Amino acid sequence: MQTLKVDLGERSYPIHIGEGLLDQPELLAPHIAGRQVAIISNETVAPLYLERLNRSLAAYSVISVILPDGEAHKNWETLQLIFDGLLTARHDRRTTVIALGGGVIGDMAGFAAACYQRGVDFIQVPTTLLSQVDSSVGGKTGINHPLGKNMVGAFYQPQAVLIDTATLNTLPPRELSAGLAEVIKYGLICDEPFLTWLEEHVDALRNLDQVALTEAISRSCAAKALVVNADERESGVRATLNLGHTFGHAIETHMGYGVWLHGEAVAAGTVMALDMSQRLGWISAQERDRGIRLFQRAGLPVIPPEEMTEADFLEHMAIDKKVIDGRLRLVLLRHMGEAVVTDDYPKEILQATLGADYRALAQLKG
């Protein structure tokens with residue numbers, strides 16, 4: 001087992017990474033203050049792992065709230081089911097909410113914990129690659145709004161993150177690839193040597209090699225922890241973690257939440273960010289193509305929805321958390337391994353990126 005730390009002073013917390021951690025109650029006990037525990041999971045994950053987690057929590061009074069699965073249910077109506085469960089069981093301020101599932105479950109359980117009686121403890125137990133390397137770390141919680149993704153939420157840090165890498169053995173290949181989009185992101189924005197490592201190990205990752213997966217998860221979490229330590233509330237450098245997300249969120253919102261997985265939209269959105277970075281002269285065409293090749297090898301889409309027009313993108317991108325005083329800030333690559341957040345770009349460059357022939361780019365060889 002490896003343990004990393006998110007260093008936020010009194011609100012610091014560990015990230016435990018390893019196989020079989022669901023069966024180690026001693027990792028959970030130090031982070032549960034009271035006797036009441038509420039496990040929040042979904043209809044897909046609960047049949048696989050809820051019983052094991054319950055066994056590790058045998059010393060506590062535990063309830064479970066099982067939600068419908070999928071991004072389409074990340075909304076107010078589903079959030080109310082969590083509050084219904086907590087209130088019906090008369091859980092008090094010393095309850096601990098545990099999120100058992102992927103990013104949707106973690107975001108909603110964390111937001112519910114932030115709101116319930118003005119804040120109760122929660123623990124992240126992520127079961128998808130995407131949630132293990134990204135959404136479970138850093139305290140972003142929330143739900144979607146019909147007009148924009150993740151527009152209603154709170155920064156609320158967990159007490160601990162417990163990453164059992166064995167849960168990836170039941171993850172569908174499409175979901176695994178979606179998680180790899182966020183892994184690749186770290187190489188692009190802050191760790192070019194990691195990008196090289198990913199090029200060498202992407203096949204092993206897709207084949208669920210536990211050694212490779214543990215390394216990828218550990219390096220991703222370490223990268224994110226460093227950024228969160230420096231900028232918890234995304235006033236500066238943390239925004240670079242959103243490479244590809246402005247374009248990607250536009251895809252998710254326009255196509256309907258859940259039609260494209262988050263990681264799939266991020267991959268296509270990152271290709272658009274690579275294209276724009278190249279048009280600005282910050283990276284070369286060869287470097288742009290290097291990123292595209294890696295996304296393709298990871299089994300991810302590199303062509304945005306062809307039915308989306310420039311106007312569609314701009315409409316959705318105008319409702320983005322990085323918009324300040326009406327100006328759209330984008331995360332782009334100044335160099336491979338170095339991202340910047342900027343609103344200083346010619347409008348014509350953005351228009352060219354939105355109208356680019358991504359099908360032609362997807363045909364590149366090498």
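Each residue, glycine too, has its Cβ placed from N, Cα and C.
Database features (Swiss-Prot):
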- 69-74, 103-107, 127-128, K140, K149, 167-170: NAD(+) binding site (BINDING)
- E182, H245, H262: Zn(2+) binding site (BINDING)
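The binding-site residues listed here (E182, H245, H262) include no residue with a Cα within 10 A of the Cα of D69 (NAD(+) binding site). Geometry remark: H262 (Zn(2+) binding site) versus G103 (NAD(+) binding site), CA distance 9 Å. Cα-Cα distance from E182 (Zn(2+) binding site) to G103 (NAD(+) binding site): 12 Å (rounded to the nearest whole number). According to its DSSP assignment, T128 (NAD(+) binding site) is coil. Each of the binding-site residues H245, H262 was ranked by the number of other C-beta atoms within 10 Å, and first place falls to H262. Neighbour counts of Cβ atoms within 10 Å were compared across the binding-site residues D69, E182; the minimum falls on D69. Sorting the binding-site residues G103, G106 by the number of other Cβ atoms within 10 Å puts G106 first. Cα-Cα distance from G106 (NAD(+) binding site) to H245 (Zn(2+) binding site): 18 Å (rounded to the nearest whole number).
Recorded residues T167 (NAD(+) binding site) and H245 (Zn(2+) binding site) have their alpha carbons 26 Å apart, per Cα-Cα distance. For the Zn(2+) site, the Cβ centre of E182, H245, H262 serves as reference, and the other residues of the chain with Cβ at most 8 Å from it are L130, D134, A181, K185, G244, G248, G263, A265, V266.
Of all the binding-site residues given, namely T128, T167, T170, the one with the smallest number of surrounding CB atoms inside 10 A is T170. The separation of H245 (Zn(2+) binding site) from T128 (NAD(+) binding site), Cα to Cα, is 19 Å. The Cβ of A72 (NAD(+) binding site) lies under 8 Å from the Cβ of G256, Y257, G258, each of which sits 6+ residues away along the same chain. Cα-Cα distance from G103 (NAD(+) binding site) to H245 (Zn(2+) binding site): 15 Å (rounded to the nearest whole number).
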